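First the structure, then my questions, so here it is.
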Amino acid sequence: MNVLLLMCAVTLMVCVSSETYCGSQLCGEGYCCTGGHFRRQCRPLADEGQQCEKENKYNDYKLGCPCKGGMICSDIKYCQKL
């Protein structure tokens, strides 16, 4: 039983440490880093009609990316053309 618990703990530590945390410097142009604390990934900037978040100085996005150029993120958090 103790061996099984030890194996589970080691497996969990390896899985957590092997995930790559994305930051704004790691995502290519046209992408942003979005998601929760443990599940951040690079996603494309939002297009018209897609869910978005307004740009912020911290490049910290939880639910979606800012809009592509020429669009704004409306108050209801969807991209629309200017």
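The backbone N, Cα and C atoms fix where each Cβ goes, and this holds for glycine too.
Below, the features straight out of Swiss-Prot:
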| type | residues | note |
| --- | --- | --- |
| SIGNAL | 1-18 | signal peptide |
| DISULFID | Cys22-Cys33 | disulfide bond |
| DISULFID | Cys27-Cys42 | disulfide bond |
| DISULFID | Cys32-Cys65 | disulfide bond |
| DISULFID | Cys52-Cys73 | disulfide bond |
| DISULFID | Cys67-Cys79 | disulfide bond |
Say you check the Cα of Cys27 (disulfide bond) against those of the disulfide-bonded residues Cys33, Cys52, Cys65, Cys73, Cys79; which is nearest?
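Nearest candidate: Cys33.
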Under DSSP, is Cys52 (disulfide bond) helix, strand or coil?
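Assignment for Cys52 (disulfide bond) reads coil.
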For a quick check of packing: other C-beta atoms within 10 Å of the C-beta of Cys32 (disulfide bond), how many?
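There are 22 of them.
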Pick out which of the disulfide-bonded residues Cys33, Cys67 has the most other Cβ atoms within 10 Å of its own Cβ.
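Per the Cβ count within 10 Å, the most buried is Cys67.
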How long is the line from the C-alpha of Cys32 (disulfide bond) to the C-alpha of Cys22 (disulfide bond), rounded to the nearest angstrom?
9
I'd like to know which of the disulfide-bonded residues Cys22, Cys33, Cys42, Cys52 sit within 10 A of Cys65 (disulfide bond) at the Cα level.
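Correct set: Cys33, Cys42, Cys52.
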Please report the three-state DSSP label of Cys27 (disulfide bond).
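SS state of Cys27 (disulfide bond) = coil.
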Could you check what DSSP calls Cys22 (disulfide bond) once collapsed to helix, strand or coil?
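It is coil.
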Look up Cys32 (disulfide bond) in the DSSP assignment and reduce it to helix, strand or coil.
strand
Among the disulfide-bonded residues Cys22, Cys67, Cys79, report those whose Cα falls within 10 Å of that of Cys42 (disulfide bond); none is a fine answer.
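So far as Cα distances go, the disulfide-bonded residues lying within 10 Å of Cys42 (disulfide bond) are Cys22.
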Quick one: Cα separation, Cys22 (disulfide bond) versus Cys52 (disulfide bond), in Å?
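Given the Cα positions, Cys22 (disulfide bond) is 18 Å from Cys52 (disulfide bond).
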If I take the alpha carbons of Cys67 (disulfide bond) and Cys52 (disulfide bond), what is the distance between them in whole Å?
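Rounded to the nearest whole number, the Cα-Cα distance is 6 Å.
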